[in-house]
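Peer 1: Sharing a structure here in structure tokens format.
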């Protein structure tokens with residue numbers, strides 16, 4: 001074998017960075033479970049005809065083929081999933097008879113897209129999704145519930161501050177309808193381009209593509225400029241003088257989501273109503289959200305989601321859903337690359353048990369067994385080198401303590417301070433913060449301000 | 001969308017079964033980390049030329065292709081990994097400059113093989129691997145260490161009893177060499193067929209294929225019948241009268257592995273020297289092991305591994321390794337299908353907070369928030385139905401407690417016993433065993449005997 005070269009778009013973490021990723025996934029899972037969300041994993045493959053429903057996503061799909069199988073075999077139509085929503089919708093339909101609705105689930109798995117790799121965009125990437133799906137109906141209060149879960153989950157993470165920017169499709173649609181816009185769908189898709197194009201250009205497109213008058217286009221843009229961190233947007237929209245029942249419903253829903261998510265306050269999350277958030281995808285029908293990370297606006301959103309009144313349907317039953325997704329790889333890999341986050345050490349071991357000579361290795365093994373029995377991760381030195389070399393062995397791995405077994409009694413050394421003291425394998429414990437590898441935030445990251 | 005049909009070979013778990021799988025993975029991870037093994041994940045794809053090194057494995061590989069990409073693009077040569085050893089060897093070579101050796105790692109990930117699905121054999125399956133890899137050299141004591149880790153890890157699982165059956169390639173090779181066998185490699189591959197063919201047939205093949213005399217074949221089979229749960233095999237082998245230095249080394253190593261793994265005793269694991277275990281693969285050079293699960297001998301081994309003196313090499317440096325793999329899917333999916341293991345409930349929630357009426361939903365949400373702040377998973381009822389219906393909602397999900405908020409005070413009901421008592425959201429806690437879903441073993445499984 002020759003030395004392999006990295007594969008672009010398929011990032012791999014070294015053990016210390018993997019510590020960070022695992023802790024983030026564990027933290028997300030803890031929050032999701034506190035809110036009653038059950039974990040599932042779906043198989044990574046779906047029939048191609050479920051994935052390729054037209055649209056540009058087709059290009060990005062990886063299809064599978066057995067190396068030496070003919071096309072007549074069943075596997076020919078399989079492909080890797082490109083998100084966790086399509087497989088979840090299929091899982092709900094396939095297993096509906098065994099699920100209780102409303103069904104709350106979280107799912108943290110990789111997905112694959114063959115797109116051009118760049119910072120935050122990878123060909124294999126991990127997402128964390130929470131969704132609530134109902135059978136035939138799903139009351140609105142679940143919108144507040146599921147968004148609040150993700151707010152709490154991201155607030156608990158050691159990442160830079162994140163901003164949840166909410167809007168509501170009913171609000172936009174009702175406003176456009178009340179305004180007399182001829183083509184609401186195209187108008188929404190056009191206004192969604194505000195993050196890429198200047199406002200004047202979007203106004204032109206609203207006229208040319210969505211059939212708006214110049215005055216209508218102006219008021220659409222006026223709506224899109226409203227952005228506040230409380231429910232004062234309701235008055236601001238009212239002041240624009242458009243009347244519509246759907247608009248009223250959207251305003252009430254958005255106000256409830258903003259209030260419910262902001263309640264109690266969060267240290268690391270800000271909640272805003274941002275009326276230019278549209279999310280281009282057609283299937284959203286109410287609440288929509290995009291999540292941004294301070295200092296990393298160049299990644300665009302690190303998460304998003306919303307309400308879709310028909311997540312899945314088998315022709316007889318419709319399953320409405322509401323959910324939100326967080327890009328674990330999209331946010332973490334840049335943070336790790338920039339040194340904003342790091343693992344405190346590359347090994348789980350809190351203690352290296354030194355070996356006096358190979359004949360007495362079993363003594364060191366017994367010490368390690370006693371420590372493990374009390375939940376202290378440790379390893380026994382690989383060889384009976386001079387103690388100085390064994391200490392450097394621990395240092396290189398970031399192991400904080402070296403244990404010296406001795407006939408006259410045991411001693412343990414904190415190799416950071418150099419302090420050495422007598423210790424009993426049956427009772428000694430390290431400080432809590434040394435027990436497991438920790439996620440370390442660089443000081444520069446704490447200076448970052450919210451956008 | 002129509003109702004989807006299951007995909008053969010790609011099993012998916014319902015939420016309660018997933019509770020079992022997650023707890024098994026968490027338990028394995030805890031043990032591995034206590035022993036200082038660092039977790040890594042590799043990307044799921046490898047260049048095809050690293051996977052397809054000849055041999056029948058080729059047939060089982062899934063290759064990838066971007067749906068709308070030409071073959072000239074780089075992805076054409078990628079395929080899904082079929083185990084965790086090949087990607088680990090590549091990871092070690094690629095990242096060697098950033099790793100400390102000996103490097104202890106564990107890896108719990110799915111792998112894919114396009115083989116015909118059957119009980120215990122799936123096209124997507126999860127494995128848990130532990131390996132120790134050295135640079136240039138890896139002392140023998142690591143064989144004992146890594147095998148002991150897996151013994152401890154499986155002993156902590158709620159599965160039927162497992163048996164570790166060890167042998168040593170040096171022992172077999174030395175014995176065959178001392179016996180004057182002309183073709184040791186073919187003889188090992190032949191003796192490995194003892195689990196599929198009767199002994200007489202294997203003896204015939206040793207003569208016809210490996211060039212043995214009838215007397216040599218008889219003594220090879222004699223060696224292969226030795227199977228003991230202690231180190232008495234050393235005397236039994238000596239009694240066969242073959243002298244060889246490599247045989248001596250193999251006997252000493254196997255004795256050390258059996259002693260090291262059996263020491264202290266285990267409730268759920270037996271350790272044996274079984275001198276017919278050969279493991280056909282050429283790359284093993286010392287310790288070999290196969291793991292069997294009581295009552296599930298039909299699955300063949302549920303795990304295995306050994307020492308390979310050249311796990312990886314870049315031409316200048318060789319990385320010897322020793323490791324063992326446990327088939328998470330291979331063992332768990334049959335146990336779940338047979339009802340031997342089950343999750344106690346399908347949701348994490350320990351408490352359903354009832355809703356008196358929609359106007360007071362915020363009261364119930366506040367109770368849930370107070371419980372969660374103290375680590376109690378809970379959910380708020382989906383609708384303000386009559387309490388009887390809300391209780392049945394909890395029952396269907398296996399949620400043990402229903403909380404009734406009230407202006408005059410709160411009450412909580414254990415819906416299994418019917419007991420209801422006053423409770424304070426700021427202090428009430430459920431018994432520990434109700435806090436999270438548990439893995440439940442059926443009584444029939446506890447009656448199973450070791451093989």
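Cβ from N, Cα, C; glycine included.
Pulled these features from TrEMBL for this protein:
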type	residues	note
DOMAIN	A:20-348	domain 'Aminoacyl-transfer RNA synthetases class-II family profile'
BINDING	A:83, A:84, A:85, A:113, A:127, A:131, A:279, A:283, A:284	L-histidine binding site
REGION	A:414-451	region 'Disordered'
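Context for these features, please: burial, neighbours, distances.
Peer 2: Around residue A:284 (L-histidine binding site), taking its Cβ as the centre, 22 other Cβ atoms fall within 10 Å, counting all chains.
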Peer 1: In the predicted model, what is the mean pLDDT computed over the domain 'Aminoacyl-transfer RNA synthetases class-II family profile' (A:20-348)?
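Peer 2: The average pLDDT of the model in the domain 'Aminoacyl-transfer RNA synthetases class-II family profile' (A:20-348) works out to 93.
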Peer 1: Counting Cβ atoms within 10 Å of each candidate's own Cβ, which of the binding-site residues A:85, A:127 comes out highest?
Peer 2: A:85
Peer 1: Would you measure the largest Cα separation among A:83, A:84, A:85, A:113, A:127, A:131, A:279, A:283, A:284 for the L-histidine site and round it to whole Å?
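Peer 2: Between the outermost Cα atoms of A:83, A:84, A:85, A:113, A:127, A:131, A:279, A:283, A:284, the distance is 22 Å.
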Peer 1: Helix, strand or coil at residue A:85 (L-histidine binding site), per DSSP?
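Peer 2: Once the DSSP labels are grouped into three classes, residue A:85 (L-histidine binding site) ends up as helix.
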Peer 1: Below 8 Å Cβ to Cβ and six or more residues apart, same chain only. Which residues does that give for residue A:279 (L-histidine binding site)?
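Peer 2: In sequence order, A:192, A:288, A:290, A:304, A:306 meet the Cβ cut-off.
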